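Database features, via TrEMBL:
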- HIS139: active site, proton donor/acceptor (ACT_SITE)
- LYS143: active site, proton donor (ACT_SITE)
- GLY7, VAL8, THR9, GLY10, ALA11, MET12, GLU37, ALA83, THR84, THR85, ALA107, LYS108, ASN109, MET110: NAD(+) binding site (BINDING)
- HIS140, GLY149, THR150: (S)-2,3,4,5-tetrahydrodipicolinate binding site (BINDING)
- 1-110: domain 'Dihydrodipicolinate reductase N-terminal' (DOMAIN)
- 113-246: domain 'Dihydrodipicolinate reductase C-terminal' (DOMAIN)
Amino acid sequence: MNILISGVTGAMGQVLDELISDSKHQVVAGFANQRVENLHYPVYTSLEDVEEEVDLVIDFSQPTSLQALLDYGKSNNIPLVIATTGYTDEEEGAIREASSEIPILFAKNMSLGINMTEKIVEQLAHALPQFDIEIIEKHHRYKKDSPSGTAKMLVEAAKTGRNDESPVLEGRSGLYDERLKNEIGVMAVRGGTIVGEHTVLFAGEDEVIEIKHSAQSKKVFANGALTAAEFLVNQSPGLYDMNDVLGGE
Ligand SMILES: NC(=O)C1=CN([C@@H]2O[C@H](COP(=O)(O)OP(=O)(O)OC[C@H]3O[C@@H](n4cnc5c(N)ncnc54)[C@H](OP(=O)(O)O)[C@@H]3O)[C@@H](O)[C@H]2O)C=CC1
Ligand SMILES: O=C(O)C1=N[C@H](C(=O)O)C[C@H](O)C1
(Lines of atoms letter the chains of each structure in order from A and count residues from 1; the text may use other names and numbers.)
(Lines give C-alpha, C1' and ligand atoms only; values in the text may rest on other atoms or scores of the structure.)
(Ligands and ions follow the chains in the order given, each with its own letter.)
Protein backbone atom coordinates (compact mmCIF):
# COMPACT_ATOMS: atom_id res chain seq x y z
CA MET A 1 0.00 0.00 0.00
CA ASN A 2 1.25 3.51 -0.86
CA ILE A 3 0.65 5.65 2.22
CA LEU A 4 0.66 9.41 2.73
CA ILE A 5 1.26 10.42 6.37
CA SER A 6 -0.48 13.61 7.41
CA GLY A 7 1.41 15.16 10.35
CA VAL A 8 4.54 13.35 9.17
CA THR A 9 7.01 15.61 11.00
CA GLY A 10 5.24 15.20 14.35
CA ALA A 11 5.92 12.77 17.19
CA MET A 12 3.36 10.22 15.96
CA GLY A 13 4.14 10.80 12.28
CA GLN A 14 7.75 9.82 12.85
CA VAL A 15 6.91 6.68 14.88
CA LEU A 16 4.51 5.66 12.12
CA ASP A 17 7.11 6.34 9.41
CA GLU A 18 9.52 3.97 11.15
CA LEU A 19 6.88 1.27 11.56
CA ILE A 20 5.84 1.46 7.89
CA SER A 21 9.46 1.28 6.73
CA ASP A 22 9.70 -2.13 8.46
CA SER A 23 6.45 -3.36 6.87
CA LYS A 24 5.36 -4.48 3.41
CA HIS A 25 3.92 -0.99 2.81
CA GLN A 26 5.66 2.28 1.93
CA VAL A 27 5.33 5.96 2.71
CA VAL A 28 5.27 7.83 -0.61
CA ALA A 29 4.55 11.35 0.66
CA GLY A 30 3.96 13.42 3.77
CA PHE A 31 1.85 16.43 4.75
CA ALA A 32 2.87 19.01 7.37
CA ASN A 33 2.69 22.72 8.12
CA GLN A 34 6.32 23.27 7.25
CA ARG A 35 8.29 21.77 4.41
CA VAL A 36 11.24 19.52 5.37
CA GLU A 37 13.88 18.07 3.07
CA ASN A 38 15.44 15.32 5.19
CA LEU A 39 12.95 12.51 4.45
CA HIS A 40 13.20 10.06 1.55
CA TYR A 41 9.82 11.22 0.14
CA PRO A 42 8.38 14.67 -0.53
CA VAL A 43 6.63 16.51 2.31
CA TYR A 44 3.88 18.79 1.05
CA THR A 45 2.40 21.84 2.75
CA SER A 46 -0.60 21.68 0.41
CA LEU A 47 -2.29 18.40 -0.49
CA GLU A 48 -3.30 19.92 -3.85
CA ASP A 49 0.35 19.59 -4.92
CA VAL A 50 0.68 15.85 -4.25
CA GLU A 51 1.87 14.04 -7.40
CA GLU A 52 2.45 10.52 -6.04
CA GLU A 53 0.04 7.61 -6.45
CA VAL A 54 -1.52 7.34 -2.95
CA ASP A 55 -3.70 4.42 -1.78
CA LEU A 56 -4.54 5.74 1.68
CA VAL A 57 -3.82 8.58 4.14
CA ILE A 58 -3.05 8.12 7.84
CA ASP A 59 -3.52 11.34 9.76
CA PHE A 60 -1.93 12.26 13.11
CA SER A 61 -1.90 16.07 12.84
CA GLN A 62 -4.12 18.84 14.24
CA PRO A 63 -7.77 19.77 13.62
CA THR A 64 -6.64 22.71 11.42
CA SER A 65 -5.68 20.25 8.66
CA LEU A 66 -9.14 18.64 8.50
CA GLN A 67 -10.70 20.50 5.58
CA ALA A 68 -7.65 19.97 3.34
CA LEU A 69 -7.63 16.30 4.27
CA LEU A 70 -11.33 15.74 3.53
CA ASP A 71 -11.09 17.67 0.23
CA TYR A 72 -8.07 15.61 -0.84
CA GLY A 73 -9.73 12.31 0.09
CA LYS A 74 -12.99 13.18 -1.67
CA SER A 75 -11.45 14.60 -4.86
CA ASN A 76 -9.10 11.65 -5.31
CA ASN A 77 -11.30 8.90 -3.86
CA ILE A 78 -8.71 8.03 -1.21
CA PRO A 79 -9.60 6.36 2.15
CA LEU A 80 -8.61 8.25 5.32
CA VAL A 81 -7.54 6.87 8.71
CA ILE A 82 -8.06 9.84 11.06
CA ALA A 83 -6.37 9.61 14.47
CA THR A 84 -6.19 13.33 15.27
CA THR A 85 -8.10 14.46 18.37
CA GLY A 86 -9.54 17.77 19.58
CA TYR A 87 -12.22 18.25 16.91
CA THR A 88 -15.37 20.30 17.58
CA ASP A 89 -18.79 18.66 17.15
CA GLU A 90 -19.08 20.53 13.84
CA GLU A 91 -15.77 19.12 12.60
CA GLU A 92 -16.80 15.61 13.62
CA GLY A 93 -20.00 16.26 11.61
CA ALA A 94 -17.86 17.12 8.55
CA ILE A 95 -15.99 13.80 8.95
CA ARG A 96 -19.32 11.94 9.10
CA GLU A 97 -20.60 13.77 6.02
CA ALA A 98 -17.45 13.04 3.98
CA SER A 99 -17.75 9.34 4.86
CA SER A 100 -20.79 9.09 2.59
CA GLU A 101 -18.33 9.54 -0.31
CA ILE A 102 -15.14 7.77 0.86
CA PRO A 103 -14.16 5.17 3.52
CA ILE A 104 -13.07 6.93 6.73
CA LEU A 105 -11.88 5.29 9.92
CA PHE A 106 -11.95 7.76 12.81
CA ALA A 107 -10.64 6.58 16.20
CA LYS A 108 -9.63 8.73 19.15
CA ASN A 109 -7.43 5.92 20.42
CA MET A 110 -5.89 3.30 18.14
CA SER A 111 -4.79 0.87 20.88
CA LEU A 112 -6.30 -2.55 21.38
CA GLY A 113 -6.49 -2.17 25.17
CA ILE A 114 -8.53 1.03 25.16
CA ASN A 115 -11.06 -0.63 22.95
CA MET A 116 -11.67 -3.24 25.67
CA THR A 117 -11.54 -0.58 28.40
CA GLU A 118 -14.40 1.22 26.67
CA LYS A 119 -16.55 -1.91 26.80
CA ILE A 120 -15.77 -2.54 30.50
CA VAL A 121 -16.60 1.08 31.39
CA GLU A 122 -19.95 0.81 29.62
CA GLN A 123 -20.77 -2.41 31.51
CA LEU A 124 -19.71 -1.05 34.92
CA ALA A 125 -21.61 2.19 34.39
CA HIS A 126 -24.70 0.15 33.64
CA ALA A 127 -24.26 -2.34 36.51
CA LEU A 128 -23.41 0.26 39.19
CA PRO A 129 -25.76 3.24 38.71
CA GLN A 130 -25.21 4.40 42.31
CA PHE A 131 -21.40 4.78 41.85
CA ASP A 132 -19.89 8.18 40.96
CA ILE A 133 -17.78 8.23 37.79
CA GLU A 134 -14.62 10.34 37.50
CA ILE A 135 -12.09 10.12 34.65
CA ILE A 136 -8.47 11.16 35.05
CA GLU A 137 -6.27 11.40 31.95
CA LYS A 138 -2.51 12.06 31.94
CA HIS A 139 -0.38 12.99 28.92
CA HIS A 140 2.99 14.48 27.94
CA ARG A 141 3.74 18.19 28.17
CA TYR A 142 3.38 18.69 24.38
CA LYS A 143 -0.26 17.65 24.08
CA LYS A 144 -2.40 20.52 22.80
CA ASP A 145 -5.99 19.35 23.32
CA SER A 146 -7.69 18.58 26.60
CA PRO A 147 -9.44 16.62 27.78
CA SER A 148 -8.02 13.90 25.55
CA GLY A 149 -10.04 12.32 22.76
CA THR A 150 -9.91 9.05 24.66
CA ALA A 151 -11.35 10.64 27.82
CA LYS A 152 -14.24 11.98 25.71
CA MET A 153 -14.73 8.51 24.25
CA LEU A 154 -14.83 6.98 27.75
CA VAL A 155 -17.41 9.60 28.80
CA GLU A 156 -19.58 8.45 25.89
CA ALA A 157 -19.15 4.79 26.95
CA ALA A 158 -20.24 5.66 30.51
CA LYS A 159 -23.24 7.63 29.24
CA THR A 160 -24.27 4.71 27.02
CA GLY A 161 -24.01 2.36 30.02
CA ARG A 162 -26.07 4.72 32.19
CA ASN A 163 -28.49 5.32 29.34
CA ASP A 164 -28.80 8.99 30.25
CA GLU A 165 -27.43 12.42 29.36
CA SER A 166 -25.13 12.68 32.41
CA PRO A 167 -23.73 16.21 32.76
CA VAL A 168 -19.97 16.31 32.18
CA LEU A 169 -17.74 18.52 34.34
CA GLU A 170 -14.27 19.19 32.93
CA GLY A 171 -12.00 20.22 35.82
CA ARG A 172 -13.10 21.27 39.29
CA SER A 173 -12.01 24.38 41.15
CA GLY A 174 -13.23 27.07 43.53
CA LEU A 175 -16.56 27.22 45.29
CA TYR A 176 -18.77 24.55 43.89
CA ASP A 177 -21.76 22.71 45.24
CA GLU A 178 -21.77 18.96 45.89
CA ARG A 179 -21.30 16.89 42.77
CA LEU A 180 -24.52 16.03 40.96
CA LYS A 181 -25.61 12.44 41.38
CA ASN A 182 -25.09 11.47 37.73
CA GLU A 183 -22.26 13.90 36.94
CA ILE A 184 -19.15 12.60 35.15
CA GLY A 185 -16.00 14.48 36.15
CA VAL A 186 -13.04 14.65 33.74
CA MET A 187 -9.60 15.81 34.92
CA ALA A 188 -6.57 16.41 32.66
CA VAL A 189 -2.93 16.21 33.79
CA ARG A 190 -0.01 17.27 31.52
CA GLY A 191 3.68 16.66 32.15
CA GLY A 192 6.98 15.19 31.00
CA THR A 193 6.85 12.34 28.55
CA ILE A 194 3.76 10.46 29.82
CA VAL A 195 2.57 8.60 26.71
CA GLY A 196 -1.10 8.39 27.69
CA GLU A 197 -2.89 7.16 30.82
CA HIS A 198 -6.63 6.93 31.38
CA THR A 199 -8.19 5.99 34.72
CA VAL A 200 -11.92 5.62 35.19
CA LEU A 201 -12.92 5.73 38.83
CA PHE A 202 -16.18 4.20 40.01
CA ALA A 203 -16.60 5.51 43.56
CA GLY A 204 -19.31 3.98 45.73
CA GLU A 205 -20.06 3.81 49.47
CA ASP A 206 -16.85 2.59 51.15
CA GLU A 207 -15.51 1.05 47.93
CA VAL A 208 -13.80 2.19 44.75
CA ILE A 209 -13.13 0.46 41.44
CA GLU A 210 -10.38 1.83 39.20
CA ILE A 211 -10.09 0.82 35.56
CA LYS A 212 -6.78 1.98 34.19
CA HIS A 213 -5.17 1.85 30.75
CA SER A 214 -1.60 2.94 30.33
CA ALA A 215 0.06 3.25 26.92
CA GLN A 216 3.75 2.48 27.34
CA SER A 217 4.97 3.73 23.98
CA LYS A 218 3.60 5.58 20.97
CA LYS A 219 4.18 2.42 18.92
CA VAL A 220 0.90 1.00 20.22
CA PHE A 221 -1.00 3.80 18.40
CA ALA A 222 1.07 3.52 15.21
CA ASN A 223 0.52 -0.25 15.12
CA GLY A 224 -3.23 0.23 15.54
CA ALA A 225 -3.29 2.88 12.79
CA LEU A 226 -1.49 0.59 10.32
CA THR A 227 -3.81 -2.32 11.13
CA ALA A 228 -6.74 0.07 10.63
CA ALA A 229 -5.28 1.13 7.25
CA GLU A 230 -4.99 -2.49 6.08
CA PHE A 231 -8.66 -2.96 7.01
CA LEU A 232 -9.90 0.31 5.49
CA VAL A 233 -8.20 0.21 2.11
CA ASN A 234 -10.67 -2.39 0.80
CA GLN A 235 -13.86 -0.98 2.34
CA SER A 236 -16.76 0.85 0.73
CA PRO A 237 -17.52 4.45 1.68
CA GLY A 238 -18.70 4.73 5.29
CA LEU A 239 -17.58 5.69 8.79
CA TYR A 240 -15.61 2.99 10.63
CA ASP A 241 -13.91 2.73 14.03
CA MET A 242 -11.56 0.31 15.80
CA ASN A 243 -14.48 -1.96 16.68
CA ASP A 244 -14.89 -2.68 12.97
CA VAL A 245 -11.18 -3.50 12.67
CA LEU A 246 -11.12 -5.74 15.72
CA GLY A 247 -14.36 -7.47 14.87
CA GLY A 248 -16.35 -6.23 17.88
CA GLU A 249 -19.87 -4.76 18.07
N1 LIG B 1 -5.94 8.29 17.97
C2 LIG B 1 -4.81 7.95 18.59
O3 LIG B 1 -4.59 6.78 18.95
C4 LIG B 1 -3.78 8.98 18.84
C5 LIG B 1 -4.00 10.28 18.47
N6 LIG B 1 -3.04 11.22 18.65
C7 LIG B 1 -3.36 12.55 18.15
O8 LIG B 1 -2.60 12.77 16.97
C9 LIG B 1 -2.34 14.18 16.83
C10 LIG B 1 -0.85 14.41 16.61
O11 LIG B 1 -0.12 14.06 17.77
P12 LIG B 1 1.46 14.28 17.86
O13 LIG B 1 2.16 13.58 16.76
O14 LIG B 1 1.83 14.03 19.27
O15 LIG B 1 1.53 15.88 17.59
P16 LIG B 1 2.76 16.76 17.07
O17 LIG B 1 2.45 18.17 17.49
O18 LIG B 1 4.05 16.17 17.45
O19 LIG B 1 2.67 16.69 15.46
C20 LIG B 1 1.66 17.33 14.72
C21 LIG B 1 1.96 17.17 13.24
O22 LIG B 1 0.87 17.71 12.50
C23 LIG B 1 1.34 18.70 11.59
N24 LIG B 1 0.32 19.74 11.45
C25 LIG B 1 -0.21 20.55 12.40
N26 LIG B 1 -1.14 21.35 11.85
C27 LIG B 1 -1.20 21.05 10.53
C28 LIG B 1 -1.96 21.55 9.42
N29 LIG B 1 -2.84 22.54 9.58
N30 LIG B 1 -1.74 20.99 8.21
C31 LIG B 1 -0.84 20.00 8.04
N32 LIG B 1 -0.08 19.49 9.03
C33 LIG B 1 -0.27 20.02 10.27
C34 LIG B 1 2.61 19.23 12.23
O35 LIG B 1 3.43 19.84 11.24
P36 LIG B 1 4.48 21.01 11.61
O37 LIG B 1 5.46 20.37 12.55
O38 LIG B 1 5.06 21.42 10.31
O39 LIG B 1 3.67 22.08 12.32
C40 LIG B 1 3.21 17.92 12.76
O41 LIG B 1 3.81 17.22 11.70
C42 LIG B 1 -2.93 14.83 18.09
O43 LIG B 1 -4.23 15.30 17.80
C44 LIG B 1 -3.00 13.68 19.08
O45 LIG B 1 -3.96 13.86 20.08
C46 LIG B 1 -1.83 10.92 19.17
C47 LIG B 1 -1.54 9.66 19.58
C48 LIG B 1 -2.50 8.59 19.46
O1 LIG C 1 -1.81 13.20 22.09
C2 LIG C 1 -1.51 12.04 22.43
O3 LIG C 1 -0.35 11.68 22.66
C4 LIG C 1 -2.61 11.06 22.52
N5 LIG C 1 -3.79 11.41 22.09
C6 LIG C 1 -4.96 10.62 22.02
C7 LIG C 1 -6.06 11.21 22.88
O8 LIG C 1 -6.25 12.44 22.86
O9 LIG C 1 -6.78 10.46 23.55
C10 LIG C 1 -4.68 9.15 22.28
C11 LIG C 1 -3.57 8.86 23.27
O12 LIG C 1 -4.04 9.01 24.56
C13 LIG C 1 -2.32 9.70 23.01
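Quick reminder: no glycine exception, Cβ is built from N, Cα and C everywhere.
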Among GLY7, ALA107, ASN109, the binding-site residues in the record, which have a C-beta under 6 A from ligand 2? ASN109
Position of peak Cβ density within 10 Å, selected from the binding-site residues GLY7, GLY149: GLY7
Determine, to the nearest whole angstrom, how far the Cα atom of THR84 (NAD(+) binding site) is from the Cα atom of LYS143 (active site, proton donor). 11
Relative to the Cα of THR150 ((S)-2,3,4,5-tetrahydrodipicolinate binding site), which of the binding-site residues GLU37, ALA107, ASN109 have a Cα no more than 10 Å away? ALA107, ASN109
Chain-internal residues near GLU37 (NAD(+) binding site), provided their CB is under 8 angstroms and they sit 6+ positions away: VAL43
How big is the Cα-to-Cα gap, in Å, between the residue listed as 'active site, proton donor/acceptor' and GLY149 ((S)-2,3,4,5-tetrahydrodipicolinate binding site)? 11
Report the nearest neighbour of THR9 (NAD(+) binding site) in space among the recorded positions HIS140, LYS143, GLY149, comparing Cα positions. LYS143
Within 10 angstroms of the C-beta of THR9 (NAD(+) binding site), the count of other C-beta atoms across all shown chains comes to 19
What's the CA-CA gap between the residue listed as 'active site, proton donor' and ALA11 (NAD(+) binding site) in angstrom, rounded? 10
Would you find the one among the binding-site residues ALA11, ALA107 whose Cβ has the most company, meaning other Cβ atoms within 10 Å? ALA107
HIS139, HIS140, LYS143: which of these recorded positions has the highest Cβ count within 10 Å of its own Cβ? HIS139
Would you mind pulling the DSSP three-state label for GLY149 ((S)-2,3,4,5-tetrahydrodipicolinate binding site)? helix
